[in-house]
Amino acid sequence: MEIKIYAPVDCDVLPITDCDDDVFAKKMMGDGLVLIPKSNEFKSFLEDGSVALIFETKHAIFFETQAVKILMHIGMDTVALNGKPFNVKVKKNQKVDLKTSIVDVDFEKIKEQKLSIQTPICFDSENLKNIDIKILKKSAKQGELIATAHVELQITQTKPKDELFLEEYLSKYTQTAQQLIELVGGNSNFTKVYNCMTRVRFLVNDLSKIDQQKIKKIELVKGTNLNGSELQVIIGGECYKVKDEIEKIRRGDLTGKSKVEVKKPPVYKRIMTAISGIMMPLIPPLMAVGIFSALYAILLQTNAIADYESSPNPDVWSTIFYVLSKVALNLIGVMFCYSVVSYFGGNPVFAIVVGLTLSSRILLAGVSAPVADPGFGQFIVDPTKGISGWLLFKILDYPFVVTAYEGSVLPYVFAAFIVIFADKWIKTWMPTSVDIIFRPFLVYFLAVIPTLFIFGPLLGLIEMGLSQVVMTFEKDVTGIGVGLFAFLWQILVLTGVHVAVIMTVMIGTILQNPVVPTTIMTAVVAATFAQMGATIGVAIRTRNAQLRGVAYGSIPAAIFGITEPIIYGVNLPKLWPFLCGCLGAFFGGMFLKWFDVAAVRPGGMGIFAILVVDGWKNQILVVVSWLIAIGAACGFTILTYVEKIDEYKYSNRLTRRIKAKAIKILVANGTSTEVAKQTCDEIGAEYLQLVKENQELFKNYMKFLTTKTSIETKLIKVKNHEENLLKAKYKKALKLKNKIDKVDRNLVVSAIADYQNFNLDAEKGVLQAKLDELFAANQQLEANYQETVKKLTKAYQEMLDKYSKITNATMLLNYKAGYFNAINACEINYGIIDPDVIAFSKAEKQQLKTLSMAKSGGN
């Protein structure tokens, strides 16, 4: 079989082995030839064929003729240009001939990036047995025959098409995730995967295992970047979906792959992880009990049930609701004991036995000593301190007793660690012949007796101390203490210590028996809603459609108390909205303290936290505090929000800072203040003038990026809608196929065909055309912007070099990061490139300080 290849453009023709890229030259992509284009408008190189696939970045197109697929790849590494130089004229599955216009290419834009314009045409070898290519011309005009390919297809046993064949549905995000994991070097070659607005980021162990060339050829990938041990895969607004799929695969949710072994993190991180791991299983039962407790209070208020504690003869429902609202909280320590032992791989049944022993009410069943000054071992009841038990000793007037620890936590945690470590220690020396008998006995003894007599009383005192610490925030009647705690709460969330902190608060207050009400717990929820308010402010003010979509999309999670999406996706990258959220939390916390709206039980997160307080009045006040926090944070954000830094103002501010340091160093070394100022002003003037002259260009480029992002966001929505519909159609087809014996066969065939033939290419095509038109209309603007950035980069580098030379302060060169952020503010704002960080080592700071000090004997 012969396939004729015609010149798609005016071009020179080379063998594939002469390609600049080894991937093509070594025929890894198949045999073929290489074109060096001399004109810009590409037509079809086939007399009769069709478009099989168009890459999203438009730099590569697959054609098909006579069951053979042929790739045309325009330029080398042009995937990184994100489709900007290409104006594609055809659609997938479209028939083509020699008159069909395929794509217009702006080769100047490719050359500006110092990329090769060589264009390989390669035959996909998947179903080829043999191929022999003959180049007929070394130079040709468009439409001239330039080569023939004699092709022998692999002979395969063809089977009749199975109209009931249903290919498994895998979203493009899942497929991309699978490809990325493989090309990054496998699960074991990266310790962490996360995303920003446009990139999936991997923390890689061995960079040599990464295949960047193949990663760039993945359909969704627009480019890659290495930053130290971090691999950044540029995808765009869909990057978070790919990251989610990667995490699913790493968890073993897909493809049966095992979880990844990762390096041990630092000790403090392991401690925080352990606290979270212990707490997470306890949150659902605590939330459930909190809701029952709230329901019990509501039923009491409406007289639907009787008060169990004050009723001489409570009915069955009053008793049941009382038990549901109280018992689990009284036995909270048992749950902690079980969770700690389970987390560290101990025997959880032993934990339950120890926990129930420490909470036994038999320990409260003594008869109070009638003497005025009881001694060791006598049962006492001290109502002023809420203490009852067998006296051990007193410190001042505070009695330490052997007692049950209902509603306590720390004694159980201590006992749990004794269970874990005593069990492991005894195993190391106990003879196996008696281990089964005496090891459990010793573990039980060592866990219970020291807790009852020594550590329980001491830890109980610590719990009381924690309660007092929390109370110091609440004693401030102005509300500033509670407001300050609310202000700091989301900052604690960032550090990861929030779980430990809130457990400290809970142990000292609402988990005590009797309960110690606290406004801290209600203020924490106000802090969550404040961050949501800041995000709403960002959504109102931003012109970035992608950021607006992320903002609105993260609000539902925040309503239910999950703030990570709004913090990491919206507020924190902009910083000031995050601080506005903290400020809104401050006012919400103050309001709660003013009206003394205190939590009396654990409850749900987000809107369900309304159940942590008693009474309709308090519940209304809680909602009002949320509205205050949301409104204040939203208002502050709207008033202060800045979409991006101003190139000129930020550059000017940086320059003034450097000039001040340089003048101080020059004066310290004998230069007069006037001369030093004049010299520094002259050095910085040229760069600042150049930035000022290009402010209009930056403004226009920002408008272009705003429009571009808006269209791309709409395109992503259509693609996501297509994915969702495909998934639904697949489920429907699969469900019908599984019932093939019970339903009409034609119905099954129709459902499978509907799934396999479905797409939203028309809707996507309209938006893609708008995007193409936008790029075409702004080609010159993009070129001017890139050229200006190059000029400004050279200008600030020269300026910093001069400051460094006249002061001998080489560390001033570190300010390059700041100027980089200034002149690239537009693309940083839209996540196209990452901001840099101005950083000085301790040695550099000290050296700068030394240079700024006047020399002894100087003028």
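Each residue, glycine too, has its Cβ placed from N, Cα and C.
Automatic, uncurated: that is what TrEMBL annotation is.
If you look up TrEMBL, you'll see 21-125 marked as domain 'PTS EIIA type-1'. TrEMBL lists 174-256 with the feature domain 'PTS EIIB type-1'. The annotation active site, phosphocysteine intermediate is assigned in TrEMBL to Cys196. Annotation source TrEMBL lists domain 'PTS EIIC type-1' at 273-654. Sequence annotations record features per position, and here TrEMBL assigns transmembrane segment to 278-299, 319-341, 348-369, 398-421, 441-462, 482-507, 519-540, 546-563, 575-595, 620-642. Among the features that TrEMBL reports, coiled coil is placed at 764-802.
At the 8 Å Cβ threshold, with sequence separation of at least 6, the transmembrane segment (519-540) lacks contact with the transmembrane segment (441-462), having fewer than 3 such pairs. Per-residue pLDDT, averaged across the domain 'PTS EIIA type-1' (21-125), gives 89. Beyond the ends of the transmembrane segment (441-462), by six or more residues, the same chain brings 350, 353-354, 357-358, 363, 392, 398, 400-403, 405, 408, 410-411, 414-415, 418-419, 422-423, 426 to within a C-beta distance below 8 angstroms of the stretch. Remote same-chain residues near the transmembrane segment (620-642) are listed as 486, 522-523, 525-527, 529-534, 536-538, 540-542, 574, 576-577, 580-581, 583-585, 587-589, 591-592, 595, 597, 609-610, 613 (criterion: CB distance under 8 Å, separation of at least six residues from the stretch ends). Same-chain neighbours of the transmembrane segment (575-595): 474, 476-491, 519, 522-523, 526-527, 529-535, 537-538, 567, 621-622, 624-626, 628-634, 636-637, 640-642, counting only residues six or more beyond its ends whose CB sits under 8 Å from a CB of the stretch. Across the domain 'PTS EIIA type-1' (21-125), DSSP helix (H, G, I), strand (E, B) and coil residues number 14 helix, 42 strand, 49 coil. Mapped onto DSSP classes, the domain 'PTS EIIB type-1' (174-256) shows 34 helix, 22 strand, 27 coil.
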